[in-house]
Amino acid sequence: MGSCLSSDLPPRAGAGAGASPGWPQRWRRRRQRGVERGGAVSGGGGGVFSIGVGGKKLHHGGGGGGEMTEEELAKVEGRVCVNGASAAACLHTQQGRKGTNQDAMVVWENFNTSDSVFCGVFDGHGPYGHFVAKKVRDSLPVKIRTLWKTSANEDTSSHQNGSISGSVNSEESPVVDDEWGEYADDSEKLPEMFLPLKQSYFKAFKLMDKELKMHPTVDCFCSGSTAVTLVKQGLDLVVGNLGDSRAIMGTRDAANNLTAVQLTVDLKPNLPREAARIQQCRGRVFALQDEPEVARVWLPNNDSPGLAMARAFGDFCLKDYGLISVPQISYRRLTEKDEFIILATDGVWDVLSNKEAVDIVAAAPSRATAARALVDCAVRSWRLKFPTSKSDDCAVVCLFLDHAKSPDLIQENESEEETTEDVAIPDTVAKVDQDIAQGDAHISSEEQITEPALQHSYTLRDVDEIVPVEEPPVSKEPERCGSARSLADCISTNEEEEWSALEGVTRVNSLLNLPRILSGEKRSTSWRKRR
């Protein structure tokens, strides 16, 4: 996600310097006042922000002053943010066919204690969404960790000061309240760690968005990022979600069948509560005629930018009109039936159902390759289901849960899996291949051309489909497309091969166009004219 239909902007070196001269004067004055107050300090282009609480720098748990730089983060044991695997998780990302890969991901073991782990997936959008996603990936976990350590050792009231008191996101939206950020099963008995961690999440997300707003080298006016994150400590699982990336869990039911449980809600503008908040702040929510299933957020008096999510970091052109950066926090007590958790961007969920994703991870030859197997299947599904569309970026984190298994048994099972020569293909993926091979080979090229490429959106659901956390047991049959290519053909296709989707249309985009007039002020120069 992250392609902008109205602008193909080359990324500027170091993301440029200073605010764009085309920004509205009000935006530039507000940002300049924040910098003069000492609210933010540049991280030197690729570094990590160093804004703190009450103008003071946050200190990470390692004892050093300020926040951690990229060099310091790279030395943290148990932290992985590139394709690979750790002791408990694996992660993989692949660039789509829309341009720069705007997805980012991270796994951080021994996060706060020896039995805690942090996982996150971030999907950038807009001209500089890749910068925003990477900044959030590097800075947000440090903030959560720092605030969590502090709140666990001191009374919560001692941390309430001018920069974090009151509403979680009162500067961006007057209607934001705790009700926008938390949901949990009433039957769940919340542990002691939940309240401090929940408060740390809210504060960290607010500080993260404030840094992006005032950062002098990252243009976030029409660029932003989603964030789906989790913190697991022992058997306690806390999930924080912002945007339309998704977290699901593979667990066993009463009959010992592997099922998929959705842990987050896709926070899109078609949800009644999200739409009501946006409209209360004078923002508009509607879908275009050529994609009636995709609700978008628009400015009050301008048909831009058309953001396809209701919450996000950045996108400050919409922060006065209902877009918020308050995460939705949920808690779950893990059981021995829970096997793994999948965090992924919408590039995966656009083409695969929750059950399909769970089956693919369960059938992976080894834990270290599970995330890559899911990304590969998503890429192949894009080519099979939407041959005239450009595939989206895909990023996946798989966290494996071991409750009753010993480390020796885990290592033994992984060794056996790695020696397996044949990779098992889940029934759901095999079914797609079978349908295409048997039923679609006779479709003529003329019929293929007339089939609409923007017919379905698998990320966006109706209200009745989104709100339940657990997915219905009966999965929807995958839609057929006009392609006669088999799954084996797609597997053997080289990544460098120019396939037909390169010349096709781009499916559902996060951002449609950039605003040209804001608050009655004309942009002095074009968005493209940057130095």
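In case you wondered, yes, glycine gets a Cβ from its N, Cα and C as well.
The region 'Disordered' annotation in Swiss-Prot covers 1-47 (among others).
The annotation compositional bias 'Low complexity' is assigned in Swiss-Prot to 10-25.
For the domain 'PPM-type phosphatase' (88-401), the model's average pLDDT works out to 89. The annotation domain 'PPM-type phosphatase' is assigned in Swiss-Prot to 88-401.
Secondary structure at D392 (Mn(2+) 2 binding site), taken from DSSP and collapsed to helix, strand or coil, is coil. The local packing around D392 (Mn(2+) 2 binding site), expressed as other Cβ atoms within 10 Å of its Cβ over all shown chains, amounts to 31. Look at Swiss-Prot and you will find D123, D346, D392 tagged as Mn(2+) 2 binding site.
Annotation source Swiss-Prot lists Mn(2+) 1 binding site at D123, G124. Every protein chain shown contributes to the tally, and the Cβ of G124 (Mn(2+) 1 binding site) ends up with 32 other Cβ atoms within 10 Å.
Here Swiss-Prot flags 151-172 as compositional bias 'Polar residues'.
Feature annotation from Swiss-Prot assigns region 'Disordered' to 151-176 (among others).
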Check D346 (Mn(2+) 2 binding site) against DSSP and tell me helix, strand or coil, would you?
helix
Position of peak Cβ density within 10 Å, selected from the binding-site residues D123, D346:
D123
If you measure D346 (Mn(2+) 2 binding site) to G124 (Mn(2+) 1 binding site) at Cα, how many Å is it?
11
Taking the Cα atoms as reference points, how far is G124 (Mn(2+) 1 binding site) from D392 (Mn(2+) 2 binding site) in Å?
12
Mapped DSSP class for G124 (Mn(2+) 1 binding site), helix or strand or coil:
strand
